[in-house]
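Worksheet: the structure to be examined is printed underneath.
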Amino acid sequence: MPAYRSRTSTHGRNMAGARGLWRATGMKDGDFGKPIIAVVNSFTQFVPGHVHLKDLGQLVAREIEKAGGVAKEFNTIAVDDGIAMGHDGMLYSLPSREIIADSVEYMVNAHCADAMVCISNCDKITPGMLMAAMRLNIPAVFVSGGPMEAGKVLLSTGEKKVDLIDAMIAAADDRVSDEDVKVMERSACPTCGSCSGMFTANSMNCLTEALGLALPGNGSVLATHADRERLFVEAGHLVVDLARRYYEQDDAGVLPRTIASFKAFENAMTLDISMGGSTNTVLHLLAAANEGEVPFTMADIDRLSRKVPVLCKVAPAVANIHMEDVHRAGGIMGILGELDRAGLIHTDLPTVHAPSMKDALERWDVTRTKAESVTTFYRAAPGGVPTQVAFSQSRRWDDLDTDRASGVIRDFEHAYSKDGGLAVLFGNIAEDGCIVKTAGVDASILKFTGPARIFESQDAAVEAILANGKIKAGDIVLIRYEGPRGGPGMQEMLYPTSYLKSKGLGKACALVTDGRFSGGSSGLSIGHVSPEAAEGGAIGLVEEGDTIEIDIPNRRIHLAISDEEMARRRAAMEAKGDAAWKPKDRQRVVSQALQAYAALTTSAARGAVRDVKSLRR
C-alpha cells in the first residue's frame, strides 16, 4: 500500500518544525492525516484565457476541503502567444512550457503533495502541466478555464463571427479601412477564455478529455457559462476520491500513466486529426508521452493520419464555426462517439471520471443518451455580453445540433474528408518529418511545386510579404533557423501566414519552416521540419530559387536536386567551421535563459523536449 507522500512532512517527532510551518498556513490538528492536494493555478492579468482564474483556485480548494482533503494553491507562469506574437517575445513561448512543468514538479515534490488539480487554459500551460502530471505520476485532474465566446461583427452581408486571426488579416489588408479594422479589433475577443477557434489552447483542452484526465465538457463549454462552474466543483471532489483510491486502496488505475497510456495517446491524436487541431499538439503530445515514458512517436502520428477522417471543422479551417458551436453539437464526447462508431478509438481505457471511455460515451454522447442533464449541458450558449467574469451567464440554445450528415460534427459516412486533418510529410529536406494541418489547406493546392524564397528569420519573411510584389503567386516562402535550437524557441509563424492571406496569396503560396505555426494558422503551412537547420538539417542547404515539390496526398516533400548536389552543399557548409549551420546577418539578442534552453532542447520530431544527457557530454 503506498504511503501518503505528505506524511513525509506531517508525521513524526522530527517533523515538528515542518508541522509548525503547516500550522502557519492554517492547518489544524485534524488536518495532518488528510491528503494534501495541490491546486495548480495559472491566473494572470496578462492573458484573457487566464484573467478569470483568480478565484477559481479557491473554489476548487473549498470543494477539496468539503471532500475531506487539505488544499494548497500555487501559481505557474502563463504566456499569451497572441500578445507575444510578431516580436522577440515569441522566443519565450515554447520554452515556457518546460518552465511550467518544472515549477509544478518543484512545488509538488518540495512540499510532498499527494495529488493535484491542474487549472490551465492557454497554449503552453496545459501542455506544461500535462508534462508535469506524467512526470510526477500522482493522482491528477485537469480543468481548464474554457474557451471565450466568438466575436461578432455586423457587416453589410449580415452578422459574422470573428476572432483575433480575422483582426490580424484585416489589419494587414490595405483594402480594409482603419475604421473597419478598429471594429474588428474591438469585436474579436469579447470575453475571458481561450481564443474561440480550434487553436492550440482549445485543441489541448479537448485532448485532455480524450486522454481521460479531464471531465466531459472541459474542452468546449464556454468560460462565461454557469455550467463550467460544475467542472471546478466536481474536480475538487474527484481528486480527493482518486487520492484515497490510490493511497488507501492501492488502486494504481487512477494514476496519470495508467490512464494516459499508449492507447490513450492514440485516442488523443485520433481526435486531433479528426477535428483538424493545431499542429502544436503534435509537439505537446510527444513531449507529454516522453515524460510518462510512453513510446508514442511521429511514426504513430503518421500511421494514424492515414486512416482517420475529418469529422469536425472549426475556425480557422472554416469560417463562422467556433468552440461554442462544437459544444452545441455534443462537444468532444460527440466527436469521440463518432470515432467510436467508426472503430477508430479504444474505449476500454479508464478515465478519471468513469470506469472506461465506453461508460463515459454511454453517458455523455448526445446521440446515445436521453439524459436531460446531459442534453441541457450541451445546449450551453454564448451570452453575447463582453465580460472578464467566469460563469457570468446561463443562456441556452433552443436545441442541439445532432445533424451528423451536415452539422458541425459529422459521422464517418458524411466526413468532411476521408483524409485526416493533420499529416506528416517526409522527404530529403525533412528526413525526420514535418507537419501540415491539412484541414486548413484548400484542395486545389494539396500538390504544390514552386521556387524557394529563402529567409533566415520570421521578421525578414514578414517584411518581404508586406512589400508588394516581392512574394508572388507560386512561391514557396522558406523560413529557417527558427527551430527549437536555431531560434531559439521555435517561434510561431502566425504573422507570415496571416499576411499571405491579406495579400491574396493564401491559396497561391506555400510556407515551409523549421519553426512552428499558431493554431490560428491555415493555408499550405508546413512546419516542424526536422532536423532543423541549426542541427544540420537539409533545410539549411536549400538555395534561393530551388524547386520544392509538396505532395500531401502521398505525404512527400522534396527538394529537386540530386543526391550528389546535396552532398556537395553539405560539405561546403561543414567547411565553414564555427559559422556552419548558423543564419547569415541576423541580428537577434538571445538571453542567457534562452541560450540555456537552446543548449538542452531537441528536435521537433521528439516534441522539442530537453535532452539532459547533453549535460554529461
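From the backbone N, Cα and C atoms, a Cβ is placed for every residue, glycine too.
What Swiss-Prot records for S518 is active site, proton acceptor. Per Swiss-Prot, Mg(2+) binding site is recorded for D81, D123, K124, E492. Feature annotation from Swiss-Prot assigns [2Fe-2S] cluster binding site to C122, C195; the stated evidence is sequence analysis. Among the features that Swiss-Prot reports, N6-carboxylysine is placed at K124, with the record citing sequence analysis.
The number of other CB atoms found within 10 A of the CB of D81 (Mg(2+) binding site), across every protein chain shown, is 28.
In this structure, the CA atom of E492 (Mg(2+) binding site) is 5 Å away from the CA atom of the residue listed as 'active site, proton acceptor'. S518 (active site, proton acceptor) sits 12 Å from K124 (Mg(2+) binding site), counting Cα to Cα. Residue pair D123 (Mg(2+) binding site) / C195 ([2Fe-2S] cluster binding site) shows a Cα separation of 10 Å. Sequence-distant contacts of K124 (Mg(2+) binding site), defined as residues of its own chain at least six apart whose C-beta falls under 8 angstroms from its C-beta, comprise A78, V79, D81, S93, L94, S96, R97, I100. Taken residue by residue with DSSP, D81 (Mg(2+) binding site) is part of a helix.
The secondary structure of S518 (active site, proton acceptor), as reduced to three states from DSSP, is coil rather than helix or strand.
Compute the center of the Cβ atoms of D81, D123, K124, E492, which mark the site for Mg(2+); besides them, the chain residues with Cβ within 8 Å of that center are V79, A84, M90, S93, L94, C122, T200, A201, N280, S518. Under the three-state DSSP scheme, E492 (Mg(2+) binding site) falls in the strand class. One residue stands out among the binding-site residues C122, C195 for having the most other Cβ atoms within 10 Å of its Cβ: C195.
All protein chains considered, the CB of D123 (Mg(2+) binding site) has 34 other CB atoms within 10 Å. In the three-state DSSP reading, K124 (Mg(2+) binding site) counts as coil.
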